[in-house]
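Per Swiss-Prot, the feature domain 'Era-type G' maps to 3-170; the stated evidence is sequence analysis. The region 'G1' annotation in Swiss-Prot covers 11-18 and is backed by sequence analysis. Per Swiss-Prot, GTP binding site is recorded for 11-18, 58-62, 120-123, and the stated evidence type is sequence analysis. Annotation comment: Swiss-Prot describes 37-41 as region 'G2', evidence class sequence analysis. The region 'G3' annotation in Swiss-Prot covers 58-61 and is backed by sequence analysis. Per Swiss-Prot, the feature region 'G4' maps to 120-123.
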Amino acid sequence: MFKSGFVAILGRPNVGKSTFLNHVMGQKIAIMSDKAQTTRNKIMGIYTTETEQIVFIDTPGIHKPKTALGDFMVESAYSTLREVETVLFMVPADEKRGKGDDMIIERLKAAKIPVILVINKIDKVHPDQLLEQIDDFRSQMDFKEVVPISALEGNNVPNLIKLLTDNLEEGFQYFPEDHPERFLVSEMVREKVLHLTQQEVPH
C-alpha cells in the first residue's frame, strides 16, 4: 500500500522552516537569509520512499503585513491550509510565544485540520526552558502532537518524519521528482545576492 499527502509548514519569519525542509530533502530548495520573508514561493519539497510520499509546502514567513505585497504573502501562506492534510506549526525554542504566534494559532483553530507543533532550535535551550515552552503553547491550542527538534543538527527530525508518514492516508505518487535544477540554481543565486548586497533587494 502506497501512502501520500500534503503537509504545510507554517510559522513566523526565520524560525527555521527552510532549514528543516532543506535537511529533510538533503538539498537546498528554499533560500535562507537573515532577511525576513525571503521564502516567496510555495516551494515544494517532495520526500519519497518506496512506500510513501510527503509533499511539503513551505510558506512565506508569516508577519504583520506593512505593504500590499506583504499582505498578499501572508494570505498566500494561509491559503495553503486549504490544500493540505496536516500542518507543521514551527516555533523557536529560544523565543517566547509572541503576537505573531497567537495570530497563527487563531487561524489554525479556524481551519480545523490536524496541527503538529514543532519546537525548533532545541539545541539552544535548557530542557527546563523547553518544557515551559511546550506547556505555554499547549495552553493555547489542542495540538495533535508536539515534537521538539533541531532542524540545523537534525535532532529528532527522523521521528517527526515517521510521525507524518504513519498518519498518511492511502494514495498515489503525486510527483516523480523534485523541483527542476534550474529553479534550485536561480534561488541559490538570489540567496547569494541577499547575503552580499547591503542595498534594498526586492524580496
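Keep in mind that glycine also has a Cβ here, set from the backbone N, Cα and C atoms.
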Task: GLY11 (GTP binding site): tally of other CB atoms within 10 A of its CB - done: 25
Open item on the list: If you count other C-beta atoms within 10 angstroms, which of the binding-site residues ASN14, LYS17, ILE122 is the most crowded?
Closed with: LYS17
Task: Number of helical, extended and coil residues in the region 'G4' (120-123), per DSSP - done: 2 helix, 1 strand, 1 coil
TODO: Check the region 'G1' (11-18) for me and report the mean pLDDT.
DONE: 86
Open item on the list: What does the DSSP secondary structure composition of the region 'G1' (11-18) look like, as residue counts for helix, strand and coil?
Closed with: 2 helix, 0 strand, 6 coil
